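To start, the structure under review is shown below, and the notes come after it.
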Amino acid sequence: MENKYTHGVLFYHEHSGLKNINQGIGEVTTALSSICKHLSIQLSENEGDIIKYCQEIKTKNYAKDVDILFILGGDGTVNELINGVMSHDLQLPIGILPGGTFNDFTKTLNIAPNHKQASEQMISAQVGTYDVIKINNQYALNFVGLGLIVQNAENVQDGSKDIFGKLSYIGSTVKTLLNPTQFNYQLSIDDKTYSGETTMILTANGPFIGGSRIPLTDLSPQDGELNTFIFNEQSFSILNDIFKKRDSMNWNEITQGIEHIPGKKISLTTDPAMKVDIDGEISLETPIDIEVIPNAIQLLTVNDL
């Protein structure tokens, strides 16, 4: 087989979510080495290491011939690589190999949830171009959320049960599971303003959150637009069939309790200040400015058969 790439770098973290990370590395390198003449395996020991390595790759201090990046890990590890690539303007394709609890964006890329199968898919995967979310000075592939979604993430981090489980964030009758915190918000989306009281606001780039698909048929991470959802009712027992697919044109007509607003530039303030979940990482508080950066990143994508 002809090598597609000259020098690939595989990033991984010891706490990737795999039970045996060293075994996992061995399982994925068989396929990856078949498409790269040279494959470097790079451990990320501390948070921020991957961003530092991206800077070294940009300045050619890491190596002069790197032409593809791979990441084995969960959404948090992937998020760090996205931030490294975006902040250092690395115009390199990325292959994502699932290795954590949730890999929401790999579903969008049609990548198998098993890391070994995913590595084999990289052999024939094609490069696709995707939008990225910019939040203040950080970047994300998939979503930005606050309110109930943060409460859930903190539950999971504390080792408590994930109340959403495999249910959609937009489908759970969460009032019976958790007492959501109400907060006041002021939201500007493409110069239109919205305000009120809510328990959750979610801005999505990708169609999968928490392992399930948002039932909005035209939501795409390749359309140069973000989709913001405001949960207006305290109890989200909102639909005859929450999983019934709908598009942007009729969402607000048939979906009670969740307002959908598409847009490109978003400013959000809250009272009180609220923690913000960015692709599963809680690292900011409101106020925040959000914008879409179209066609910003190259990701290996498996053709949907």
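Residue numbers in this text run from 1 along the chain shown.
Cβ atoms are placed via backbone N, Cα and C, with glycine included.
Swiss-Prot lists 3-139 with the feature domain 'DAGKc', giving sequence analysis as the kind of evidence.
If you look up Swiss-Prot, you'll see SER44, GLY74, ASP75, GLY76, THR77, VAL78, ASN79, GLU80, THR101 marked as ATP binding site. Secondary structure from DSSP puts THR77 (ATP binding site) in a helix. The Cβ of THR77 (ATP binding site) has 24 neighbouring Cβ atoms from other residues within 10 Å, across all protein chains displayed.
Per Swiss-Prot, the feature Mg(2+) binding site maps to SER220, ASP223, GLU225; the stated evidence is similarity to another entry. Contacts of SER220 (Mg(2+) binding site) defined by a Cβ separation under 8 A and a same-chain sequence distance of 6+ are given as PRO207, in order along the sequence.
Look at Swiss-Prot and you will find GLU281 tagged as active site, proton acceptor, backed by similarity to another entry. Around GLU281 (active site, proton acceptor), the same-chain residues six or more apart in sequence whose CB sits under 8 Å from its CB are ASP75, GLY76, ASN79, listed in sequence order.
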Euclidean distance between Cα atoms of GLU225 (Mg(2+) binding site) and SER44 (ATP binding site), Å: 32
Composition by DSSP (helix, strand, coil) of residues within the domain 'DAGKc' (3-139): 50 helix, 41 strand, 46 coil
Rounded to the nearest Å - Cα separation of ASP223 (Mg(2+) binding site) and THR77 (ATP binding site): 25
Candidate with the highest Cβ count within 10 Å, taken from the binding-site residues ASP75, ASP223, GLU225: ASP75
SER44 (ATP binding site), number of other Cβ atoms within 10 Å: 22
